[in-house]
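As recorded in TrEMBL:
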{"type": "COMPBIAS", "residues": "A:280-291", "note": "compositional bias 'Polar residues'"}
{"type": "DOMAIN", "residues": "A:35-129", "note": "domain 'Ig-like'"}
{"type": "DOMAIN", "residues": "A:140-231", "note": "domain 'Ig-like'"}
{"type": "REGION", "residues": "A:269-306", "note": "region 'Disordered'"}
{"type": "SIGNAL", "residues": "A:1-23", "note": "signal peptide"}
{"type": "TRANSMEM", "residues": "A:246-264", "note": "transmembrane segment"}
Amino acid sequence: MALSMIYSPLLLLLVSCSRRVVSKTTGPTPAPLVPTSTLPTYVKSVVLKGESHTERLELLNPVNLTLECTWAGNQNKEPNITGWWLKDGNDVPNSRVPVELQNEQYNLRGVFSVNNDTTLGNYSCVFANEARIDFLLEAPQIGDVREKPIVSYIGDSTVITCKMDDTKPMPITWNWFRDNGTEKEQIIAESSRFEIKNDERKTRLVVHDLTEEDSGLYYCGAVFAISTPMSHVKLKVITIMEPLKPFLAILVEVVVLVAAILLYEKTQSKKKATAENVPSADQNNTVTQEEPNGPEGSPSTRQRKV
Amino acid sequence: MNLSVHDTYTFAAGELNMSPAAASNLDYTPPDGGWGWAVVFASFISIGFSYAFPKSLTIFFKEIQEYFSVSYSDIAWISSVMLASMYAGGPISSILVNRYGSRPVVMAGGLMVCAGMVLASFGTSIIHLYLCVGVIGGVGLAFNLQPALTIISTYFQAKRPLANGLAMTGSPVLLSTLAPLNQFLFDSFGWRGSFLILGSIVLNCCVAGALMRPVNKLVKPKPDIELSKRNGEEVEGIGKQPDAHLSVDKENSCQRCLYRFIDFSLFKHRGFLIYLVGNVAMFFGFFAPVVFLAPYAKDLGIDEYSAAFLLSIFALVDMFIRPATGLIGNTKWVRPRIQYFFSFAVLYNGVCHLLCPLATGYTGLVVYSVFFGSAFGMLSALLFEVLMDLVGAPRFSTAVGLVTIIECGPVLLGPPLSGALVDIFGDYKYMYYACGVMMLVPGIYFFIMHYYNYKKLEEEHRKSADVEKRTSDEAVTLNANQDDQPVNE
């Protein structure tokens, strides 16, 4: 969905609550399924041509939601067009209504009961396939998701955390889930190996005595009245052998280099020592220069150079 | 057949009628090349690990903090303990280098850090980490830093600033290598596995140690008065030990003991005192700006990756400036007055920080990072070169040990104090002003004091030249009177 904030059609948004009133109420007591009260409305700027616009809504509690769309229309300004609603790209049944041009504007209004995961999602009002406004309804999302896996070792314990941003509302509580192949299974804190510590905005799952089977995805869910948004962290459990291999490899490299350097130095100094002995032999053994007799070039035949 | 390094240090320095200043205080000619370049490479590695290793460990802190359920400041203590141990281990390192030479100490240091990291990888509490990574690791790194610096002073004389500049480049290069490497290790092996592998990586310091062959002392020195004048080194001898150059065995064993441990006579050394006082003041404002660069950028509204990129720019500029500074320091115009170059570097840092608050927006900060990188690099490259220049090679080992342990205080207190400034005023600019002043004042102090010191040195040099002339005249007359006696040499 394009998030073009700059050019957008004029729209009015009315949000109403049925049970928990967030702000002032106006109007008489309505019939069921019709809005009971109104909340702050806000107006967006007008766009001349039909563009799309996306609006994000964070809901904590179940509501009866009224969404109103207003479109300024295109050049044709037909007196009557059709408008309808989409939910997650699918037509909402019985939502296709004729829209009259009033005061140079088209108005479309929809009422939706939003109270759980399935009713949250993307609601769109469409004007005759020309203009469209998307409303993204969701519970507060857990930011700060850790993308890289946590690596831990067999027998060790590990800590997995989830945090709700300071800017977002606080969840009622936190739950942890483990992927069981087919579905997510909730982790019960009472079992010996798992420990769950909940602070208001943070939750920690401590797993003791890790085994290789503990690898996989772990889900933390922030519980709100309306739904439980989740975020996942991957845990990888490895043996001590894994880091041990590079450790030993580098160890071998160091030993080889040190030995090579020290050996090189020894041979160098040996060469120097033999080189130094030769000139002194020349000085003391002019005889041996002419008669290379090795062992006979002994001190007894030495002659001092003048 | 190489003489062990410690023999040099037991000789008295600056025998007046033999080797004034320069090849000074050394009774042999340093190679200034040859195997020296391998030693520079070895020092590059050792110094690099010493400075970069503690900084690169911060990548693991968040995970370790969650694992042990402690606060971030508890974790940050690991870095502080490591740094403190590294600086406090200085004198111990000096003693060992004086006794055994650089090579065994560096290899021992490498083994110590490796052992510390391997033990830490099995750690069960935060205290365990403080001890293994902090204390053992820190002292092991101290055993790398001091000898690496010392051995350069034994191998180089004429090209020493260049050698120092090149060796100090190890720090930014290794930091740039270790940071992404640590991230990769962490993603693949978690913190425990990473510590284990880092233990083996740091064992490469032993390879560096193997390269640190003790220098060949058999080459006789060249009495070169011209050379000494150019280098402007001091001529004064130790004063305590007359005629000690004749024979090591004849030396007073008590004085030898003293000389072998901490040479407190350094505290009477004018140049050393100037250096010490200035450095202690300067170090309060030295590291804090680096630590706060990224937080400052984020405070100005810059996103996390661009802020991290600023540090990369800083490190890159730092990397190239250090050898360049070494080259400049080696030129014949700068070398005799290298203390002024150092003072300029300190001043430059101060000015940089004072001007930083003027930098608004990302481009301003990039410019600041570039200038700061060059200032920091310049200062780091010269930091130990000027100490060598002041005290001479034989006493350098002890000097650097004393300097590091005294600098321990400002190095540890600097960043927290700056952080407190930021918290009190709620604004980073006061911290930058404070750091700027903390570097500007020592810079000016250095200029004044070194001007005075150079003057004094020239005076002393002239005096010693007179004495030398007199003694050589006496020797000539003495030989003239004794020419019928057989001369045994």
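Placed from the backbone N, Cα and C atoms, the Cβ positions cover glycine too.
Remember, TrEMBL labels are computer predictions, not curated facts.
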Mean of the pLDDT scores, which run from 0 to 100, over the domain 'Ig-like' (A:140-231): 84
Secondary structure content of the domain 'Ig-like' (A:35-129), with strand meaning DSSP E or B: 0 helix, 50 strand, 45 coil
Within the domain 'Ig-like' (A:140-231), residues counted as helix, strand or coil by DSSP: 3 helix, 41 strand, 48 coil
